[in-house]
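> The structure's right below; bear with me while I get my questions together.
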Amino acid sequence: MGNAIREKTIHGIAASSGIAIAKAYRLETPDLAAEKRAVADVEAEVARFEAAVAKAKEELEAIKQHALEKLGEDKAAIFAAHLLVLDDPELLNPIKEKIQTERVNAEYSLDETASFFISMFEAMDNEYMKERAADIRDVTKRVLAHLLGVTISNPSLISEEVVIIAEDLTPSDTAQLNRQYVKGFATDIGGRTSHSAIMARSLEIPAVVGTKTVTAEVKNGDIVIVDGLDGQVIINPSPELLAQYEQKRARYEAQKAEWAKLVHEATVTADGIHVELAANIGTPDDVKGALANGAEGIGLYRTEFLYMGRSELPTEDEQFVAYKTVLEQMNGKPVVVRTLDIGGDKELPYLQLPKEMNPFLGFRAIRLCLEMQDMFRTQLRALLRASVYGNLKIMFPMIATLDEFRQAKAILLEEKEALLRQGVAVADGIEVGMMVEIPAAAVMADQFAKEVDFFSIGTNDLIQYTMAADRMNERVAYLYQPYNPAILRLISHVIDAAHREGKWVGMCGEMAGDPIAIPILLALGLDEFSMSATSILPARAQLKQLAKEEAARIKETVLSLGTAEEVVSFVKRTFSLA
């Protein structure tokens, strides 16, 4: 190759499917070094700080509005949270006090105070608090830039086709990406559940994150391939490799076009058995994407987004409107609503809950709702009032004991009877089920099945709790094994127990849309697969090629294997999966 630019491949995490090929555009982080200096007029310095905060708020309001229009309500909620940071006296007051008592400049005071909070939150073994650290970092950069008179790069101004290369993309960066020009991105840090990855999937922009070194390897103008299918970034590919990737991209686009033909079809296996494919959603805005991707129902409506990014609890009427909107848009298709699942990795500052040593095993979800019954009853009333507008099913999260389920259902029935006495219409025969995400509930599924109308298996938590491994902790992430036979045996036990009582079983964890899991779950008898909207059509195409009777023959073998690796190898071999 002589002195030609050398091709290089970097590996990362496939965060958003697709293949992007374009020139590199490095999104540089400006120098926001905050040097310490003494100030004579502390009140003027406080005023300068407040002016910078006001300007940052204006920018965030504009970005929030842009996100609302382009990405939907739950993505815009990120910026509502940023605005709350800029109104938080626990952050702002110490900054002002530091300026006044130490007579130092606003930049230094902001940087020191924010760094303290960021370090504190990042040290917590809690993904939600780590995300709050990211929020504070993003907001701090914006205010610092105004104080220093530095311009923060604005991705919305990009006017040619590019692949963005960055250490990380802040939520505000990602919300400003223009799909017309930004064909993909690659970052040094991040994971599949980071803000930037979630937004990339919403925008359907190919992305590879967590490469560690992409910013060190890529220069502006380099030709870059972002392979969001296999988690690779290829820098300055050879003409031969470029041609191969053009073909790979064309095949992927052709495959997507084939999947699109299945939008209005029911999901029927090769031997004529109907399986329901549903979508997981967070807000009413997500219904449009679910229907566009052929969802036969909503298998999980996460209601906590209604409670987040605000300073007080949502009212009964606010919730009623949200639930009614979803039910009406789904036009009679089933909508499974999970009652409030707050705590653990999702906190509400206005509830002022005490900090816990281990929040994932603590006061959260149904445990919190059964104690804070006024809040719980408000949500249940809103759901019951909305029930007449569609096909509502209600499920309770984090159930560990029969007593918890009975207590939650009793409260639901009390609220239903109270509404009926007031002359408020409530639908008949609303199915009431529960999440199976605690091993105790899975083991006792035969007893629960006598009392519930359905189960929804939440594999994300069920795997964590069964394997005693936090999937966000890189050092033990190897133990997060969806295909571990222990997990598969629990799932099989739950499905068999439900079917013996004539009840149906869904799954709403990430596993439900995994191509390797799909034949296993079909073999185990799963009735409903609920997944992110963009996974529905590929799953439908796969299920149409599978015969349930044939898949059922692998059940005994799969459950008899000893390791996750053996399971994956066997399934790939049996069903010719890559």
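Positions of Cβ are set from backbone N, Cα and C atoms, glycine also.
According to Swiss-Prot, the active site, tele-phosphohistidine intermediate annotation covers H195. Sequence annotations record features per position, and here Swiss-Prot assigns phosphoenolpyruvate binding site to R302, R338, N460, D461, R471. Feature annotation from Swiss-Prot assigns Mg(2+) binding site to E437, D461; the stated evidence is similarity to another entry. For C508, the entry in Swiss-Prot reads active site, proton donor.
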> Between the recorded positions H195, R302, N460, D461, C508, which lies closest to E437 (Mg(2+) binding site), Cα to Cα?
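Considering only the listed recorded positions, the nearest one is D461.
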> Compute the C-alpha separation of N460 (phosphoenolpyruvate binding site) from C508 (active site, proton donor), stating it in Å without decimals.
9
> Give the residue from the binding-site residues E437, D461 that has the most other Cβ atoms within 10 Å of its Cβ, counting over every protein chain displayed.
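Its Cβ has the most other Cβ atoms within 10 Å: E437.
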> Quick one, of the recorded positions H195, R302, R338, which Cβ has the fewest other Cβ within 10 Å?
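Fewest other Cβ atoms within 10 Å, among the recorded positions H195, R302, R338, is found for R302.
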> Between C508 (active site, proton donor) and R338 (phosphoenolpyruvate binding site), how many Å separate their Cα atoms?
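That separation, Cα to Cα, works out to 11 Å.
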> Return the count of C-beta atoms lying within 10 angstroms of the C-beta of C508 (active site, proton donor), excluding that atom itself.
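Summing over all protein chains shown, C508 (active site, proton donor) has 28 other Cβ atoms within 10 Å.
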> Over all shown protein chains, what is the count of other CB atoms within 10 A of the CB belonging to N460 (phosphoenolpyruvate binding site)?
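Other Cβ atoms found within 10 Å: 17.
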> Can you tell me the three-state DSSP label for R302 (phosphoenolpyruvate binding site)?
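Reduced to three states, the DSSP call for R302 (phosphoenolpyruvate binding site) is strand.
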> Using DSSP with the three-state reduction, classify R338 (phosphoenolpyruvate binding site) as helix, strand or coil.
strand
> Here's one to test understanding: among the binding-site residues R302, R338, D461, whose C-alpha is closest in space to the C-alpha of H195 (active site, tele-phosphohistidine intermediate)?
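In terms of Cα distance, H195 (active site, tele-phosphohistidine intermediate) lies closest to R302.
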> Reduced to three states, what secondary structure does DSSP give D461 (phosphoenolpyruvate binding site)?
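Reduced to three states, the DSSP call for D461 (phosphoenolpyruvate binding site) is helix.
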> Where does H195 (active site, tele-phosphohistidine intermediate) sit in the DSSP three-state scheme?
helix
